[in-house]
């Protein structure tokens, strides 16, 4: 009898808990569903009150209209070029630096590493004016470079990777040296494979944050040909009119869907990457 | 014969050279140049015509009402975001901390906004907060609560922006706290149960002290992050209505072409604020982090 | 002080039965050691007593009272955890005080108790330290003090010595025996180390795969093992076992009960005799352990003298009274069992 009682109580408790959790989940997921729903509505449907939850006939044309509002193919191409270039350059710069900071002793090491940490602290919101002036001086302002090259040194990445390299036991490195492995081979065959989780974390982190970047392109670009997707979408409101929510949402879906698809397939890794970056 | 040792001595510097060059060019130099600019009246058309004006930019800054307004708005925004995010993410984390499949799904769900572009987040919320056709007012009215003007009234614009920021970041901070909670050994809780500790006591005397380093980390990260708020403001309110959501970075942004020297001076002030927060963080961290 | 009873207790983890219909009585005031290989369910039993891993069905009684619905903190039990589970953010004093505070013990009383306990376990000068500043042995003492201060009627210990180095472990073993003598409360101690079990227990409860194999005093468990498992779990090296070649029966003898000689001893002197070659020799100082191969069997022999060398041919003999027989069901046969006499005869006639 007693056990029956408590099992009923437990069942009730977990049912209430689950219901509550579903409500919380809805608060975070509903806006995205609403975005998708709106992107398929007619202008009339968006004006209805109470709101139209599910459009009568999905208006796929909204996407075409949103895409006609600007050179979106160029925007998407720019976003892709910028994001991929940043990740490639960052890796090329970061791995040797992290290795040196982790495994060598040299004069001024602490000062130099302090500079890396400093770079970690200083946001683009502070440096953008001087960097813009510098880019203008170098006559690069009409190219994609101002959106790529300032991110060449990923301070967070160097920091994280150095931690990882430092954890690799000295014995493994010594064993490799005894096996007559050169420095380059050592990095390629031992350090990099062992630091794979960290590298994946950094790549994911870089991808998500640069694909979503808004502030930097806003202050670095003056012409449509070098704008990334985020800026293009953000300008929809000006080009399409502030009340054309169905078109704006259609553009929004185009911006969000790639990230959401990636997230759907590797949410575990992405979550881990972000949480890890927060704890370390 | 002598070549190898020289190469070995140089090698670390060669390896870090590209990284240091990047940092020098895009962090160190800009910071120095920013300070330089803040003492000048900069002429964008003709650099040669720029002139040194001493502390003028700063005195102007400290006597202008709109600067204080932006600073105050930023402080209000920061306070709101930090307090709300902290409380809610702690609550959600404690609640989702058990390792079950359903909890993992909920965690992934509440984390989603964090990886989506701020542009999308801002747009979706502007649409939800639309006073006439927006879903939020529809919900309020259905519940018999008077509708709000959200972003379009100077009274509610700031809280609306805060809500959006909190919504976007809760998932991230909740997960950091969950990770911290899960790193606590279960036997500590069992020992507490044997010590006849109430749930409240377990939370205040054991759980909270044990995750306090992470909470503190979050606090600082959030504070610094909030002080440089820009994107939501730019997209959702443009600093309005009536300057109600004008924040420091938006203020800097506003003068970036018209008065570069003045803009730079404001940036220097922002940098000092962030620097001070970071300094306080590391000082306190050094004192707190020494256990286990 | 209290006795503990398990009545038809079962426990399932994720729908897997770990313990099924177990019955056991732990006597009041005794030092009882639950021992067995990892995963045998010994810690599960201990956690049931504490109430931190409740049983799925059946009853657990402390002092005759069913405690199934009593929360851990109100059962009058205290526990020392394997990893000590000291509250890392509290000082030594706060750690010990925490349970007292929760039980609303007045402040003056708390102070007195803490000071007297710390005197006993030798922590007096560390009261205001944080656990991170203490050595492993000191943390262990904090865990002990924290348990003792509550004056529990049952003392539970989950492998409390496994994180200490060998020397300290032996010392703590003696201290725990003395502590038990002094307090006179019921001690339930879990370990996978049979030496620890033998040296400390009044009663050993030997478990395997969720079942009790034998419950007896150390002497009894050593000399009259219930079954093959017990015979081979207790003792270093464990009991030698050989096939009898009939009905799946086996014979066994302890390594120290075998006598080695270079010449075949007179016919009648020893009951079981065989010839073999020494494969390994471990000189441990006070004794030497030989491994001897004889046909397909391999026996360990413990000898007080160090007379033989590797590869030497020796004769091995065991007295009839030192031989154990196990039936096809792996249970040991009493010497009164008619089958035992038959097996004894069988063994004598073996070449």
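In case you wondered, yes, glycine gets a Cβ from its N, Cα and C as well.
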Next item on the list: From the ranges B:46-71, B:202-227, grab the one TrEMBL calls transmembrane segment.
Entry: B:202-227
Margin query: Need the matching range: TrEMBL marks transmembrane segment on one of B:132-156, B:157-181, and I'd like to know which.
Written below: B:157-181
Notebook entry, point to check: According to TrEMBL, which of these ranges is transmembrane segment: B:75-96, B:229-250?
Noted result: B:75-96
Note to self: Does the structure show the transmembrane segment (B:12-36) and the transmembrane segment (B:260-282) touching, where I'm treating 3 or more Cβ pairs under 8 angstroms (sequence separation 6 or more) as a contact?
What the structure shows: yes
